[in-house]
(Lines of atoms letter the chains of each structure in order from A; the text may use other names.)
(Lines give C-alpha, C1' and ligand atoms only; values in the text may rest on other atoms or scores of the structure.)
Protein backbone atom coordinates (compact mmCIF):
# COMPACT_ATOMS: atom_id res chain seq x y z
CA UNK A 1 0.00 0.00 0.00
CA UNK A 2 1.24 3.50 -0.81
CA UNK A 3 1.85 5.94 2.01
CA UNK A 4 -1.39 7.39 3.37
CA UNK A 5 -2.11 10.51 5.42
CA UNK A 6 -4.25 9.64 8.43
CA UNK A 7 -5.76 11.78 11.18
CA UNK A 8 -6.33 9.92 14.46
CA UNK A 9 -8.83 11.83 16.58
CA UNK A 10 -8.33 11.07 20.26
CA UNK A 11 -4.86 10.65 21.83
CA UNK A 12 -6.03 8.29 24.56
CA UNK A 13 -4.50 4.87 25.11
CA UNK A 14 -6.15 3.18 22.12
CA UNK A 15 -5.80 6.16 19.80
CA UNK A 16 -2.11 6.40 20.62
CA UNK A 17 -1.54 2.67 20.12
CA UNK A 18 -3.31 2.70 16.75
CA UNK A 19 -1.34 5.77 15.71
CA UNK A 20 1.85 3.84 16.37
CA UNK A 21 0.63 0.85 14.32
CA UNK A 22 -0.12 3.14 11.38
CA UNK A 23 3.23 4.88 11.77
CA UNK A 24 5.02 1.51 11.82
CA UNK A 25 3.38 0.83 8.45
CA UNK A 26 4.98 3.92 6.95
CA UNK A 27 1.95 6.21 6.94
CA UNK A 28 1.89 9.88 7.90
CA UNK A 29 0.00 10.01 11.20
CA UNK A 30 -1.53 13.08 12.82
CA UNK A 31 -2.89 12.75 16.36
CA UNK A 32 -5.53 15.27 17.40
CA UNK A 33 -6.63 16.17 20.92
CA UNK A 34 -7.80 19.18 22.91
CA UNK A 35 -5.51 18.98 25.95
CA UNK A 36 -2.69 21.38 25.15
CA UNK A 37 -0.20 19.93 27.64
CA UNK A 38 -0.69 16.41 26.30
CA UNK A 39 -0.22 17.49 22.68
CA UNK A 40 2.92 19.43 23.57
CA UNK A 41 4.28 16.39 25.43
CA UNK A 42 3.75 14.15 22.40
CA UNK A 43 5.46 16.63 20.07
CA UNK A 44 8.31 17.56 22.41
CA UNK A 45 9.06 14.44 24.46
CA UNK A 46 7.42 11.86 22.17
CA UNK A 47 5.63 10.37 25.16
CA UNK A 48 2.05 10.11 26.42
CA UNK A 49 2.71 9.58 30.10
CA UNK A 50 -0.92 9.64 31.20
CA UNK A 51 -1.45 6.30 29.47
CA UNK A 52 2.00 4.79 28.84
CA UNK A 53 4.70 5.43 31.42
CA UNK A 54 7.62 3.74 29.67
CA UNK A 55 6.84 4.13 25.97
CA UNK A 56 8.63 6.46 23.55
CA UNK A 57 6.69 7.27 20.39
CA UNK A 58 8.28 7.75 16.99
CA UNK A 59 9.11 11.41 16.40
CA UNK A 60 7.35 11.21 13.03
CA UNK A 61 3.98 11.05 14.82
CA UNK A 62 2.78 14.65 15.03
CA UNK A 63 0.08 15.90 17.39
CA UNK A 64 -2.34 18.79 16.90
CA UNK A 65 -4.87 20.78 18.86
CA UNK A 66 -6.13 22.45 15.68
CA UNK A 67 -8.62 20.07 14.07
CA UNK A 68 -8.55 21.81 10.70
CA UNK A 69 -4.78 21.34 10.45
CA UNK A 70 -5.02 17.73 11.60
CA UNK A 71 -7.49 16.68 8.89
CA UNK A 72 -6.18 18.90 6.08
CA UNK A 73 -5.61 16.85 2.92
CA UNK A 74 -5.75 13.47 4.70
CA UNK A 75 -6.80 10.21 3.05
CA UNK A 76 -8.64 8.87 6.07
CA UNK A 77 -9.86 9.88 9.52
CA UNK A 78 -9.98 7.54 12.51
CA UNK A 79 -12.32 8.49 15.37
CA UNK A 80 -11.11 7.18 18.75
CA UNK A 81 -12.95 9.61 21.02
CA UNK A 82 -15.37 8.71 23.85
CA UNK A 83 -18.88 7.78 22.78
CA UNK A 84 -20.44 10.80 24.48
CA UNK A 85 -18.48 13.27 22.32
CA UNK A 86 -18.48 11.37 19.02
CA UNK A 87 -21.38 13.37 17.59
CA UNK A 88 -19.84 16.69 18.63
CA UNK A 89 -16.47 15.87 17.04
CA UNK A 90 -18.19 14.51 13.92
CA UNK A 91 -20.06 17.81 13.51
CA UNK A 92 -16.76 19.69 13.75
CA UNK A 93 -15.13 17.42 11.18
CA UNK A 94 -18.11 17.78 8.83
CA UNK A 95 -17.79 21.56 8.90
CA UNK A 96 -14.11 21.37 7.94
CA UNK A 97 -13.93 18.62 5.32
CA UNK A 98 -13.22 19.80 1.79
CA UNK A 99 -12.64 16.44 0.06
CA UNK A 100 -13.75 12.81 0.30
CA UNK A 101 -12.03 10.60 2.87
CA UNK A 102 -12.37 7.16 4.42
CA UNK A 103 -14.04 7.49 7.83
CA UNK A 104 -13.17 4.89 10.48
CA UNK A 105 -13.92 4.57 14.16
CA UNK A 106 -12.40 2.41 16.89
CA UNK A 107 -14.59 3.35 19.87
CA UNK A 108 -17.01 0.99 21.59
CA UNK A 109 -20.30 2.25 22.93
CA UNK A 110 -23.89 3.33 22.28
CA UNK A 111 -25.05 6.93 22.42
CA UNK A 112 -27.15 7.73 25.51
CA UNK A 113 -30.60 9.04 24.68
CA UNK A 114 -30.67 8.06 21.00
CA UNK A 115 -29.39 4.49 21.58
CA UNK A 116 -27.51 4.82 18.28
CA UNK A 117 -24.38 2.97 17.24
CA UNK A 118 -21.35 5.11 16.45
CA UNK A 119 -21.32 4.39 12.72
CA UNK A 120 -24.91 5.68 12.55
CA UNK A 121 -23.86 8.91 14.26
CA UNK A 122 -21.02 9.38 11.79
CA UNK A 123 -23.34 8.69 8.86
CA UNK A 124 -25.81 11.25 10.14
CA UNK A 125 -23.27 13.99 10.77
CA UNK A 126 -20.86 13.62 7.83
CA UNK A 127 -22.29 13.94 4.33
CA UNK A 128 -21.77 11.07 1.87
CA UNK A 129 -20.24 13.69 -0.40
CA UNK A 130 -17.20 13.69 1.87
CA UNK A 131 -16.90 10.10 3.05
CA UNK A 132 -16.92 6.41 2.23
CA UNK A 133 -19.15 3.94 4.05
CA UNK A 134 -18.03 3.94 7.69
CA UNK A 135 -15.46 1.31 8.70
CA UNK A 136 -15.55 -0.04 12.25
CA UNK A 137 -12.26 -1.22 13.79
CA UNK A 138 -13.02 -3.51 16.72
CA UNK A 139 -11.92 -6.68 18.46
CA UNK A 140 -9.88 -8.15 21.33
CA UNK A 141 -7.25 -5.51 21.88
CA UNK A 142 -5.61 -4.03 24.94
CA UNK A 143 -3.78 -0.82 24.09
CA UNK A 144 -1.12 -1.79 26.65
CA UNK A 145 -0.23 -4.80 24.51
CA UNK A 146 -0.59 -3.26 21.06
CA UNK A 147 1.70 -0.37 22.03
CA UNK A 148 4.55 -2.85 22.73
CA UNK A 149 3.81 -4.59 19.41
CA UNK A 150 2.33 -7.74 20.92
CA UNK A 151 0.39 -9.89 18.44
CA UNK A 152 -3.14 -8.51 18.01
CA UNK A 153 -5.97 -9.62 15.69
CA UNK A 154 -9.10 -7.52 15.21
CA UNK A 155 -11.89 -6.82 12.70
CA UNK A 156 -12.54 -4.15 10.07
CA UNK A 157 -16.28 -4.02 9.35
CA UNK A 158 -18.12 -2.00 6.74
CA UNK A 159 -21.20 -2.31 4.53
CA UNK A 160 -18.72 -1.63 1.72
CA UNK A 161 -16.31 -4.57 1.62
CA UNK A 162 -13.79 -2.55 -0.42
CA UNK A 163 -13.63 0.08 2.32
CA UNK A 164 -13.07 -2.69 4.88
CA UNK A 165 -10.29 -4.17 2.72
CA UNK A 166 -8.63 -0.74 2.48
CA UNK A 167 -8.55 -0.48 6.28
CA UNK A 168 -7.34 -4.07 6.53
CA UNK A 169 -4.32 -3.20 4.39
CA UNK A 170 -3.84 0.12 6.19
CA UNK A 171 -3.26 -1.50 9.59
CA UNK A 172 -2.01 -5.03 8.99
CA UNK A 173 1.64 -5.91 9.60
CA UNK A 174 3.74 -8.62 11.30
CA UNK A 175 2.16 -8.08 14.74
CA UNK A 176 -1.21 -6.48 13.91
CA UNK A 177 -3.71 -8.27 11.66
CA UNK A 178 -7.25 -7.39 10.58
CA UNK A 179 -10.04 -9.57 9.22
CA UNK A 180 -12.90 -8.06 7.22
CA UNK A 181 -16.62 -8.31 7.95
CA UNK A 182 -19.72 -6.68 6.48
CA UNK A 183 -21.87 -7.07 9.62
CA UNK A 184 -21.47 -3.58 11.06
CA UNK A 185 -24.46 -4.01 13.39
CA UNK A 186 -23.02 -7.16 14.93
CA UNK A 187 -19.47 -5.88 15.30
CA UNK A 188 -20.55 -2.61 16.93
CA UNK A 189 -23.15 -4.24 19.18
CA UNK A 190 -20.67 -6.85 20.38
CA UNK A 191 -17.99 -4.25 21.01
CA UNK A 192 -20.31 -2.05 23.05
CA UNK A 193 -22.13 -4.69 25.10
CA UNK A 194 -19.09 -6.75 26.09
CA UNK A 195 -18.13 -3.84 28.34
CA UNK A 196 -21.23 -4.50 30.45
CA UNK A 197 -20.32 -8.16 30.89
CA UNK A 198 -16.75 -7.15 31.76
CA UNK A 199 -18.10 -4.99 34.59
CA UNK A 200 -20.04 -8.01 35.83
CA UNK A 201 -17.03 -10.32 35.57
CA UNK A 202 -14.92 -7.84 37.49
CA UNK A 203 -17.62 -7.58 40.15
CA UNK A 204 -17.56 -11.35 40.63
CA UNK A 205 -13.81 -11.18 41.20
CA UNK A 206 -14.21 -8.32 43.65
CA UNK A 207 -16.84 -10.32 45.53
CA UNK A 208 -14.46 -13.26 45.80
CA UNK A 209 -16.11 -15.70 43.41
CA UNK A 210 -14.02 -18.24 41.52
CA UNK A 211 -13.40 -19.30 37.95
CA UNK A 212 -16.66 -21.24 37.63
CA UNK A 213 -18.71 -18.10 38.20
CA UNK A 214 -16.53 -16.01 35.90
CA UNK A 215 -16.82 -18.55 33.08
CA UNK A 216 -20.58 -18.60 33.59
CA UNK A 217 -21.04 -14.84 33.37
CA UNK A 218 -18.88 -14.58 30.24
CA UNK A 219 -20.69 -17.45 28.51
CA UNK A 220 -24.20 -16.37 29.47
CA UNK A 221 -23.17 -12.79 28.78
CA UNK A 222 -22.32 -13.77 25.22
CA UNK A 223 -25.76 -15.37 24.93
CA UNK A 224 -27.59 -12.19 25.89
CA UNK A 225 -25.36 -9.98 23.75
CA UNK A 226 -26.17 -12.25 20.80
CA UNK A 227 -29.90 -12.20 21.58
CA UNK A 228 -30.01 -8.42 21.47
CA UNK A 229 -27.72 -8.23 18.45
CA UNK A 230 -29.91 -10.58 16.43
CA UNK A 231 -32.98 -8.51 17.32
CA UNK A 232 -31.13 -5.45 15.98
CA UNK A 233 -30.35 -7.21 12.70
CA UNK A 234 -26.91 -8.71 13.35
CA UNK A 235 -25.58 -11.99 11.97
CA UNK A 236 -25.32 -14.42 14.93
CA UNK A 237 -22.03 -15.79 13.52
CA UNK A 238 -20.37 -12.43 14.20
CA UNK A 239 -20.63 -13.06 17.94
CA UNK A 240 -18.44 -16.17 17.67
CA UNK A 241 -15.67 -14.15 16.02
CA UNK A 242 -12.96 -11.72 17.05
CA UNK A 243 -15.30 -8.80 17.71
CA UNK A 244 -17.67 -11.05 19.67
CA UNK A 245 -16.36 -13.81 21.90
CA UNK A 246 -12.76 -12.68 21.29
CA UNK A 247 -13.35 -9.19 22.63
CA UNK A 248 -15.49 -10.53 25.47
CA UNK A 249 -12.73 -12.87 26.64
CA UNK A 250 -10.00 -10.24 26.60
CA UNK A 251 -12.16 -7.59 28.29
CA UNK A 252 -13.87 -9.90 30.77
CA UNK A 253 -10.76 -11.62 32.13
CA UNK A 254 -7.98 -9.05 32.26
CA UNK A 255 -6.80 -6.43 34.73
CA UNK A 256 -5.87 -4.31 31.69
CA UNK A 257 -9.60 -3.79 31.10
CA UNK A 258 -10.90 -0.57 32.68
CA UNK A 259 -14.42 -2.04 32.68
CA UNK A 260 -13.22 -5.17 34.49
CA UNK A 261 -11.34 -3.03 37.01
CA UNK A 262 -14.41 -0.87 37.58
CA UNK A 263 -16.50 -3.97 38.25
CA UNK A 264 -13.85 -5.36 40.57
CA UNK A 265 -13.95 -2.13 42.58
CA UNK A 266 -17.77 -2.21 42.69
CA UNK A 267 -17.60 -5.76 43.98
CA UNK A 268 -15.23 -4.66 46.73
CA UNK A 269 -17.73 -2.01 47.81
CA UNK A 270 -16.25 1.15 46.30
CA UNK A 271 -18.59 3.91 45.17
CA UNK A 272 -18.94 4.51 41.44
CA UNK A 273 -18.01 8.19 41.61
CA UNK A 274 -14.79 7.31 43.46
CA UNK A 275 -13.96 4.59 40.94
CA UNK A 276 -14.36 6.93 37.97
CA UNK A 277 -12.30 9.63 39.70
CA UNK A 278 -9.48 7.27 40.64
CA UNK A 279 -9.27 5.64 37.20
CA UNK A 280 -9.22 8.95 35.33
CA UNK A 281 -10.49 7.24 32.17
CA UNK A 282 -13.87 6.78 30.52
CA UNK A 283 -15.60 3.56 31.63
CA UNK A 284 -17.86 2.94 28.64
CA UNK A 285 -19.55 -0.04 30.28
CA UNK A 286 -21.26 2.22 32.82
CA UNK A 287 -23.19 4.36 30.34
CA UNK A 288 -23.65 1.44 27.93
CA UNK A 289 -25.40 -0.54 30.67
CA UNK A 290 -28.19 2.03 30.81
CA UNK A 291 -28.56 2.22 27.03
CA UNK A 292 -28.57 -1.57 26.59
CA UNK A 293 -31.09 -2.00 29.41
CA UNK A 294 -33.42 0.52 27.79
CA UNK A 295 -33.10 -1.13 24.36
CA UNK A 296 -33.75 -4.57 25.87
CA UNK A 297 -36.85 -3.28 27.64
CA UNK A 298 -38.14 -1.69 24.43
CA UNK A 299 -37.58 -4.86 22.39
CA UNK A 300 -38.53 -7.30 25.16
CA UNK A 301 -35.17 -9.08 25.00
CA UNK A 302 -34.15 -11.19 27.99
CA UNK A 303 -30.86 -9.77 29.38
CA UNK A 304 -30.60 -10.74 33.08
CA UNK A 305 -26.92 -9.88 33.53
CA UNK A 306 -27.37 -6.43 32.02
CA UNK A 307 -30.45 -5.93 34.20
CA UNK A 308 -28.58 -6.96 37.35
CA UNK A 309 -25.73 -4.55 36.65
CA UNK A 310 -28.18 -1.79 35.72
CA UNK A 311 -30.00 -2.17 39.05
CA UNK A 312 -26.70 -2.06 40.95
CA UNK A 313 -25.40 1.04 39.18
CA UNK A 314 -28.57 3.06 38.61
CA UNK A 315 -31.01 1.87 41.28
CA UNK A 316 -28.64 1.36 44.20
CA UNK A 317 -29.16 -2.39 44.50
CA UNK A 318 -26.48 -4.43 46.25
CA UNK A 319 -24.27 -5.95 43.55
CA UNK A 320 -24.00 -9.32 45.31
CA UNK A 321 -27.77 -9.52 45.85
CA UNK A 322 -28.37 -8.66 42.19
CA UNK A 323 -26.05 -11.44 41.06
CA UNK A 324 -27.53 -14.00 43.45
CA UNK A 325 -31.05 -13.08 42.33
CA UNK A 326 -30.15 -14.37 38.86
CA UNK A 327 -29.61 -17.83 40.34
CA UNK A 328 -33.33 -18.05 41.12
CA UNK A 329 -34.54 -16.91 37.68
CA UNK A 330 -36.97 -19.10 35.76
CA UNK A 331 -35.34 -22.24 34.31
CA UNK A 332 -34.50 -21.91 30.62
CA UNK A 333 -32.93 -23.82 27.74
CA UNK A 334 -29.33 -22.86 26.98
CA UNK A 335 -30.10 -22.05 23.35
CA UNK A 336 -33.12 -19.75 23.66
CA UNK A 337 -32.87 -16.74 21.32
CA UNK A 338 -35.50 -14.43 22.75
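Cβ atoms are placed via backbone N, Cα and C, with glycine included.
Some features that Swiss-Prot has for this protein:
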- 194: active site, proton acceptor (ACT_SITE)
- 13, 14, 108, 143, 258, 282, 284: NADPH binding site (BINDING)
- 108, 139, 141, 194, 247, 257, 258, 259: sn-glycerol 3-phosphate binding site (BINDING)
Checking the contact step here: among the binding-site residues 139, 247, 257, 259, which have a Cα within 10 Å of the Cα of residue 284 (NADPH binding site)?
259
Which ones are near residue 259 (sn-glycerol 3-phosphate binding site): of the binding-site residues 14, 108, 143, which have a Cα within 10 Å?
none
Can you check what DSSP calls residue 282 (NADPH binding site), collapsed to helix, strand or coil?
coil
Alpha-carbon distance [residue 13 (NADPH binding site); residue 141 (sn-glycerol 3-phosphate binding site)] in Å:
11
Are there any residues in the same chain, six or more apart in sequence, whose C-beta is under 8 angstroms from the C-beta of residue 108 (NADPH binding site), and if so which?
83, 138, 188, 191, 192, 194, 195, 284
Residue 247 (sn-glycerol 3-phosphate binding site) and residue 282 (NADPH binding site), Cα-Cα, nearest whole angstrom:
18
Determine which residues of this chain, when 13, 14, 108, 143, 258, 282, 284 are set aside, have a Cβ within 8 Å of the centroid of the NADPH site's Cβ atoms, and list them as they appear in the sequence.
12, 107, 281
Given the binding-site residues 13, 259, which one's Cβ is surrounded by the fewest other Cβ atoms within 10 Å?
13
Using the alpha carbons only, what distance in Å do you get between residue 257 (sn-glycerol 3-phosphate binding site) and residue 143 (NADPH binding site) once rounded?
10
Compute the C-alpha separation of residue 143 (NADPH binding site) from residue 247 (sn-glycerol 3-phosphate binding site), stating it in Å without decimals.
13
Packing count at residue 143 (NADPH binding site) (other Cβ atoms within 10 Å of its Cβ):
20
Among all the protein chains here, how many other CB atoms are within 10 A of the CB of residue 141 (sn-glycerol 3-phosphate binding site)?
24
Is residue 141 (sn-glycerol 3-phosphate binding site) helix, strand or coil when read with DSSP?
coil
Which of the three DSSP states, helix, strand or coil, fits residue 13 (NADPH binding site)?
helix
